[in-house]
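Visitor: Annotation comment: TrEMBL describes 32-100 as domain 'IGFBP N-terminal'. Marked as domain 'VWFC' by TrEMBL: 103-170. The domain 'CTCK' annotation in TrEMBL covers 243-293. The feature signal peptide is assigned by TrEMBL to 1-19.
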Amino acid sequence: MLWVMLLATLGILLISVYTHESAQVHHAQILQTGHCSYPCECESQECAEGVITIRDGCGCCEMCARQIGEPCDSVAVCDESKDLVCQYSAPFTTGTCQAQRGVPCYVYNVTYGDGETFMLDCRTQCTCENGTYACSSLCPQERILPRGSSCHHPRLVEVPGQCCREWMCDSESVENPPLSCQPKFTPWSSCSTPCGVGMSYRQSLCSHSNQTRLCQLRPCFSNFYNLPLQSPYHHHIRKGHECKATRKSSKPVFLRFKKCRSKKKMRPRFCGQCRGQCCVPHSTTTLKVEFLCREKINLESMVIYDYEKELWSEDEDDFEDDSELESEHTNIILSVEWITKCKCSKFCDGAHL
């Protein structure tokens, strides 16, 4: 009899513990599911034309996917097949289905849209992906080292007329092969014109060939004086409004050269003009800029005679209409001097007056 009473007492304790744990699990389930109700009770759905059915946020029933501008929450979910997301103006409220927008990329002062493909240089192609960009080489053979014992001292060399470099090997008959020439260059020369589009050059110490880039120290007709740079008239500068050595275009502009126009607008810096002083670039870099052209051009063999032409201008009326370039064009990459800082001094170089 005592044994039976002990078993009964133990059973009551087990039932009590199980009931307590079940209540805790049920409470946790309610907290997790929010305003979902279980077991599921589903009604038939008739969706508008073009609207798909999806499972609701509770994982219970088929529902018509909410479309752009329609209210949504954790149960009434948006149509993900159309890249719609539920955006909330405040916590614990009903949201609205909105299109998911990608973030653009900013690379070397140029803006590229989400999903847009662009060229860093003739060997590197990149794609903007929601604020970051990934690049791939258009010359994968440059990364594959030649194999075999017959290739001595393999090295990449430039090939005239093409962008991708090629591997070169020394012959076995060469007893003492020369050391490979490292890519060294002379400093870039000053821009060939004091205003408007010009050329800057440097020479390779290995191949004795020239490299060329476009440059513009300043516009020939600059609005910070409202006078041509060569004008004999002077404009009085008030105290506290002295001219600046480094200036920047007031708005994004296209770069233009011959029958070409840059694919993207840019905001270039330029050197000011201070009375009694000469302002010249103090710090520059070289950008590879993608241009849309009516015809192919060779920058290395070109000589500029039209000194009054502008590489860029804030007044688009200064240039011919080139809207047809958007439909019919040839893409080329040109090197452009990009001014980062200028300095002014009383010692003038005749090329930069």
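Every residue gets a Cβ built from N, Cα and C, even glycine.
Can you tell me where each of these features sits in this structure?
Guide: Residue counts for the domain 'IGFBP N-terminal' (32-100) by DSSP state, with H, G and I taken as helix and E and B as strand, are 5 helix, 19 strand, 45 coil.
On the 0 to 100 pLDDT scale, the domain 'CTCK' (243-293) averages 89 in this prediction.
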